[in-house]
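*Asks:* Sharing a structure here in structure tokens format.
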Amino acid sequence: MLDFFTIFSKGGLVLWCFQGVSDSCTGPVNALIRSVLLQERGGNNSFTHEALTLKYKLDNQFELVFVVGFQKILTLTYVDKLIDDVHRLFRDKYRTEIQQQSALSLLNGTFDFQNDFLRLLREREESSKIRAPTTMKKFEDSEKAKKPVRSMIETRGEKPKEKAKNSKKKGAKKESSDGPLATGKAVPAEKSGLPAGPENGVELSKEELIRRKREEFIQKHGRGLEKSSKSTKSDAPKEKGKKAPRVWALGGCANKEVLDYSAPTTNGAPDAAPPEDINLIRGTGPGGQLQDLDCSSSDDEETAQNASKPSATKGTLGGMFGMLKGLVGSKSLSREDMESVLDKMRDHLIAKNVAADIAVQLCESVANKLEGKVMGTFSTVTSTVKQALQESLVQILQPQRRVDMLRDIMDAQRHQRPYVVTFCGVNGVGKSTNLAKISFWLLENGFSVLIAACDTFRAGAVEHVRTHTRRLSALHPPEKHAGPTMVQLFEKGYGKDAAGIAMEAIAFARNQGFDVVLVDTAGRMQDNAPLMTALAKLITVNTPDLVLFVGEALVGNEAVDQLVKFNRALADHSMAQTPRLIDGIVLTKFDTIDDKVGAAISMTYITSKPIVFVGTGQTYCDLRSLNAKAVVAALMKA
């Protein structure tokens with residue numbers, strides 16, 4: 001039984017609605033519009049909202065949306081066919097009113113579709129009871145067939161040619177063992193007395209003849225080669241003198257006194273740092289203002305300059321033919337027209353480090369958006385699809401919620417409490433380093449920071465954060481801010497409960513008047529249940545204002561797995577009624593990937609959370625805010 005069925009325009013006018021079991025369809029339909037239609041996530045034609053499953057169909061020619069809702073515990077096999085039938089009948093019956101495409105005509109139009117809909121619903125329900133014999137799904141219809149081609153996968157190991165040769169050798173050995181030449185040594189056809197021809201049952205290909213000639217050569221000259229190889233090995237020098245180790249600029253020293261960190265330390269203001277290290281670690285640029293991410297390179301500037309120069313080789317005739325080539329006319333797009341272009345776009349996205357499943361969903365969303373749409377006069381299919389994909393990518397990188405830390409910190413100051421930020425992520429992604437960058441950015445904006453060392457698992461984690469605190473304190477001494485200490489470290493050593501340390505740090509910050517508390521947590525893999533339980537406990541007990549997931553820009557499919565499992569673990573291990581999930585993303589090591597920026601798309605698409613910061617280097621000033629248009633331009637670059 002259906003809960004509701006509604007037809008509305010993309011402008012928001014409800015043309016017709018059928019109310020079944022549900023009292024109102026406003027809430028589910030509004031959730032569909034906010035979460036799917038406006039966010040360009042139409043790759044799948046179904047959407048789940050609370051206890052309902054919504055299926056929808058877009059009519060891009062007349063700018064209509066058809067939505068049906070039913071209980072998600074039900075399996076209604078006729079829903080897809082029902083939407084197609086209703087779409088076809090409604091469009092044909094009210095074509096005149098719809099073609100005017102004006103709000104006044106749609107408001108004045110009378111869409112009496114109740115009897116027709118009930119008739120179609122009755123027919124679909126009766127036809128679903130008569131079950132047709134089930135047929136096996138073809139490989140082309142499976143999910144595996146939709147995944148990228150094998151040519152996009154770079155495998156390590158032996159080359160394909162070598163594998164083909166080995167398989168041919170194995171096949172030839174089997175044939176020789178089964179035939180009349182099954183002896184200890186491979187004997188050529190000429191010596192065996194049997195002519196190589198089909199009449200004697202021996203048909204040799206060109207590859208087999210070459211292989212047999214090679215075996216004869218190895219049998220004759222193999223012993224000499226083995227002796228020569230042994231002699232060359234024995235003549236080699238035994239061992240050279242050891243190379244002197246290279247001394248790096250910031251490599252430190254190996255003195256025992258310098259490396260001894262076992263002395264007891266106390267919380268509070270850190271010691272002063274050497275000035276030469278400070279000048280190197282700060283970097284250049286304004287620290288208090290986040291600059292937009294710039295993904296352009298020198299190659300892009302050269303191509304832009306070359307494109308701006310007029311080409312003297314092309315004449316008026318070539319320009320006329322180019323104009324006629326782009327002349328397509330008012331054509332309605334179909335899936336067959338877009339199939340080849342979408343395949344190329346999907347492979348291009350995967351090559352730029354977008355996760356394979358997300359690339360498929362993006363292309364499917366673009367196909368649903370453009371199917372039935374009338375193209376412009378001078379537009380081609382490729383340009384239309386590319387423009388629609390660019391618009392979808394920009395929309396994905398601009399999610400619903402925008403995180404403004406400075407505004408939220410000022411709001412927390414008015415309530416006389418510290419603003420708490422928790423960093424989480426897998427091992428080695430740069431949580432502590434980017435925590436220090438964000439600390440420097442906050443210090444440049446005049447906020448005092450308390451760093452809570454809650455990584456009690458990794459050896460050297462507390463010393464790592466202490467080093468950053470010492471350098472940040474040297475960059476912002478108390479004299480620079482008229483007395484008060486701007487940055488301090490709160491730590492309780494190793495092996496303690498991280499949730500308890502974070503709670504004590506927040507209480508200490510409230511008593512001492514700190515503006516921000518940055519909580520550094522231990523790196524953990526997404527499948528490590530004990531550590532994920534400890535992270536969920538830390539977030540549930542302390543209720544931070546912001547939970548940031550730190551991820552690398554180097555990963556592809558792994559980004560989706562990490563974010564999905566982190567959110568799932570936080571929800572499963574949380575003791576709260578409404579579990580706290582990830583609020584934002586910090587994308588690190590962005591300076592190492594050139595134009596393969598697909599991880600930004602994968603992370604934002606799978607979580608619908610914004611990328612708050614982007615790490616672009618190893619100094620404190622190497623922190624950027626995400627520029628969606630620059631990322632999309634780098635992603636679409638050939």
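Glycine residues also receive a Cβ, built from the backbone N, Cα and C atoms like all the rest.
From Swiss-Prot, for reference:
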type: BINDING; residues: 425-432, 520-524, 588-591; note: GTP binding site
type: COMPBIAS; residues: 137-146; note: compositional bias 'Basic and acidic residues'
type: COMPBIAS; residues: 153-165; note: compositional bias 'Basic and acidic residues'
type: COMPBIAS; residues: 218-239; note: compositional bias 'Basic and acidic residues'
type: COMPBIAS; residues: 304-314; note: compositional bias 'Polar residues'
type: MOD_RES; residues: Ser177; note: phosphoserine
type: MOD_RES; residues: Thr284; note: phosphothreonine
type: MOD_RES; residues: Ser296; note: phosphoserine
type: MOD_RES; residues: Ser297; note: phosphoserine
type: MOD_RES; residues: Ser298; note: phosphoserine
type: MOD_RES; residues: Ser473; note: phosphoserine
type: MOD_RES; residues: Thr578; note: phosphothreonine
type: REGION; residues: 419-636; note: region 'NG domain'
*Asks:* Fill in the CA-CA distance, Thr578 (phosphothreonine) to Gly425 (GTP binding site), as an integer in Å.
*Replies:* 22
*Asks:* Please report the distance from the Cα of Arg524 (GTP binding site) to the Cα of Ser473 (phosphoserine), rounded to the nearest angstrom.
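*Replies:* Between the alpha carbons of Arg524 (GTP binding site) and Ser473 (phosphoserine) there are 29 Å.
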*Asks:* How long is the line from the C-alpha of Ser473 (phosphoserine) to the C-alpha of Lys431 (GTP binding site), rounded to the nearest angstrom?
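*Replies:* The separation of the Cα atoms works out to 19 Å.
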*Asks:* May I ask which residues of the same chain, at least 6 positions away in sequence, place their Cβ under 8 angstroms from the Cβ of Lys431 (GTP binding site)?
*Replies:* Phe423, Cys424, Gly425, Asp520, Thr521, Gly523, Val550
*Asks:* Taking every protein chain in this structure into account, which of the recorded positions Ser473, Thr521, Thr578 has the most other Cβ atoms within 10 Å of its Cβ?
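*Replies:* Output for this query is Thr521.
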*Asks:* By a simple count of other Cβ atoms within 10 Å, which of Gly425, Gly428, the binding-site residues in the record, is least packed?
*Replies:* Gly428
*Asks:* Does anything in the same chain, at least 6 positions from Phe590 (GTP binding site), have a Cβ under 8 Å from its Cβ, and if so what?
*Replies:* Leu293, Ala553, Val597, Val614, Gly615, Thr616, Arg624
